[in-house]
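Written below as structure tokens is the structure these notes are about.
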Amino acid sequence: MKQAKFIVIEGLEGAGKSTAIQTVLDTLRQAGINEIAQTREPGGTPLAEKMRALVKEEHPGEHLHDMTELLLLYAARVQLVENVIKPALHEGKWVVGDRHDLSSQAYQGGGRQIDATLMKNLRDTALGEFKPAFTLYMDIDPKVGLERARGRGELDRIEKMDISFFERTRQRYLELAKSDASIVTINAEQSIEQVANDIRSALNLWLEQLQD
């Protein structure tokens, strides 16, 4: 197998990312890849976890501005990339991430409707040429996903947004996935078994292409 790669699982709330991540880990190990680090965003370092809390939690009496939210997310992302992901890849460890930059492009760019040029410039400034080698986008109808999320318990600040926010977010996800060959869309509304099969098929095909 060639050098270590960064793989990301993306999707709306309730899309089954945790289960998808486990399928990815199992598939990688079956392919003989055992040196694997896991990350989540926002978070993944002590400082980034503090920023995660600021983004996720309610702030009674003070509105968290959309731009503040966006900058916190990118600040946390830079901490994670520079202190965890890049060092792991350098050591030969594959990295499997629960969310990455695509989340901001979809949630803040799509859901919050922040200017696309600003989003691109911020991404380029913060991350430069760094990007995942392969991304699985778990696609689900927002109404279905939110029902699943509510079943897990109390919703966080972002999960409490109205349905139109998540519809815009999903639309941006789909647009981005369509324009980038490194992003594979998985229908997350299927049975657990079929979703797992689709993930394994997509991941194994990509791994085979790395051998060429």
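Cβ atoms here come from the backbone N, Cα and C positions, even for glycine.
The ATP binding site annotation in Swiss-Prot covers Gly11, Leu12, Glu13, Gly14, Ala15, Gly16, Lys17, Ser18 and is backed by sequence analysis.
Positions of Swiss-Prot features highlighted on the structure.
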residue	record	contacts (Cβ under 8 Å, 6+ apart)
Gly11	ATP binding site	Lys17, Ala20, Tyr137, Met138, Asp139, Ile140, Gly145, Tyr173, Ala188
Leu12	ATP binding site	Met138, Ile140, Pro142, Gly145, Phe166, Thr169, Arg170, Tyr173
Glu13	ATP binding site	Gly145, Leu146, Arg148, Ala149, Glu159, Phe166
Gly14	ATP binding site	Ile140, Val144, Gly145, Leu146, Glu147, Arg148, Ala149
Ala15	ATP binding site	Met138, Asp139, Ile140, Gly145, Ala188
Gly16	ATP binding site	Met138, Ile140, Arg148, Ala188, Ile192, Val195
Ser18	ATP binding site	Asp98
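Within 8 Å of the centroid of the Cβ atoms of Gly11, Leu12, Glu13, Gly14, Ala15, Gly16, Lys17, Ser18, where the record puts ATP, the same chain has further Cβ atoms from Ala20, Met138, Ile140, Gly145, Arg148, Ala149, Ala188.
Around Lys17 (ATP binding site), a 10 Å sphere centred on its CB holds 20 further CB atoms from the protein chains shown.
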